[in-house]
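Engineer: Sending over a structure as structure tokens; questions will come in a sec.
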Amino acid sequence: MFGRAILKRSKEICLIHKLTGRKTTTTTIPFSHPSSIQQQSFKFFNPSISTHFFRTFRSHNTPKGHRVSKTVSAGAIHNEGLKLLVTGGSHAQKVVGIWLFGSAAWVFTMVILGGLTRLTRSGLSMTDWKFTGEFPPLSDEAWLQEFEKYQQSPEYKRVNKGMKIEEFKFIYWMEYGHRMWGRALGLMFVLPYSYFLHKGYITLRLALRVSALFGLGAGQGLIGWWMVKSGLEEPPTEYSQPRVSPYRLAAHLTSAFAIYCGLFWTALSVVMPEPPAESLTWVRGAAKVKRLALPVSLLVGLTAVSGAFVAGNDAGHAFNTFPKMGDTWIPENILEMKPLIRNFFENTSTVQLNHRILATATLISVSALWLSTRKLDIHPAVRSVIGGIFGMASVQVTLGITTLLSYVPVSLGTAHQAGALTLLTFMLLLNHTVRRPSSALLKSLPQVVKAN
């Protein structure tokens, strides 16, 4: 038994050396396969970015010819100082990455559909909720029953009194579609996850992370109903329109953003376990970018959350002028509520002013990031992402101003919400690409990239 164990261990060590033994003078990333780079089908946001990320993705996949046991794989990973989230080689990385990117894209569409539901005032059309879902009305009698339930709601009595049943069907289908799209996401998420667990592709670290994201997703349904329920209550005064609580809407939207960010970041970590780095000079440049990118990312996230309070208070329908708010730069009633803190979440004037200030600060900080990195010696992929961030921030601010001046049409309002998540996506991508490489990769890198 002892001799057999020694023989097994010696074979493992030999295989590890075969996997890790490479020249330290090379300018490519470990395990690179230049001849097969062009075969990858992953595409990012523009050709220059995709070119660099194709190289990076292929660089860190185990060659297809290698078939190693879990013990050997774990030893190799430890030896390299790099802990992969997926076992099973490049094929497992690819399929798990596609699943996670697909899930993130599904959440993205959920956010857009949620914005459409809110902007068309469809969110309060269904007056009850079941965790497992329910069939929609399929007969005239069933539609009349649902319509009668809605007629008892404050929104019908104060906003939509006299609405015809055909109009009700439209807002009902919008809300029903939003709910069922979320449930379909849960099913699409669980089935591949179970398969990958069965195949042994998922490591413990990835399993814990994915399970936490699934729990947040399941909780989104409860948060959504908690939000809708606040809009089914009688408003505090007879002059108030029924609407959902801005706090609950912000919680619902922020939770959706958090789930999306978690899925997108995890997908990047699966397909790109190492950041793009071909020289120590580029690594040092990435470290400088990282110090700037983190605070800008926090500002982008804070601006997105403030937008949720703008939506929750219908603040976009007030002060439809720019750059002034009406005839003044700062409205007089921004601090009229007591206690003072309520103004920042419930006062329409203050909420919109906050969003304007944060959006302007975001554009300025992104511009500063772009300008300050122009002379840095950084990886071309990192430079491309920063350029994309600058362009997207400009588009997003333009969309916001146009939406405000146009009294928040459904199309522009939805595009503005999608733009916020797109900008956040770029910031996630930047932070992921400027991570510090593993110690093994750092040891293999030259000081500068050698000219071809």
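Note: Cβ is positioned from N, Cα and C throughout, glycine not excepted.
So TrEMBL lists the following for this protein:
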TRANSMEM  95-116  transmembrane segment
TRANSMEM  180-197  transmembrane segment
TRANSMEM  206-227  transmembrane segment
TRANSMEM  247-271  transmembrane segment
TRANSMEM  292-312  transmembrane segment
TRANSMEM  353-373  transmembrane segment
TRANSMEM  385-408  transmembrane segment
TRANSMEM  414-434  transmembrane segment
Engineer: For the transmembrane segment (206-227), which partner among 95-116, 180-197, 247-271, 292-312, 414-434 gives the most CB pairs under 8 Å?
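Structural biologist: The stretch I would name here is 247-271.
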Engineer: Do any residues, 6 or more residues outside the transmembrane segment (292-312), come within under 8 Å Cβ-to-Cβ of it, and if so which ones?
Structural biologist: 118, 243-250, 253-254, 257, 345, 351-352, 354-355, 358-359, 361-362, 365-366, 368-369, 372-373, 416-417, 420-421, 423-424, 427-428, 430-431, 434
Engineer: Short question: which residues 6 or more past the ends of the transmembrane segment (385-408) have a Cβ under 8 Å from it?
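Structural biologist: Hits for the transmembrane segment (385-408): 45-46, 49, 119, 289, 316-317, 319-322, 359-360, 362-363, 366-367, 369-370, 373, 415-416, 419-420, 422-423, 426-427, 429-430, 433.
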Engineer: May I ask which of the stretches 95-116, 247-271, 414-434 has the most CB pairs under 8 A with the transmembrane segment (180-197)?
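Structural biologist: Answer is 95-116, with the largest number of Cβ pairs below 8 Å.
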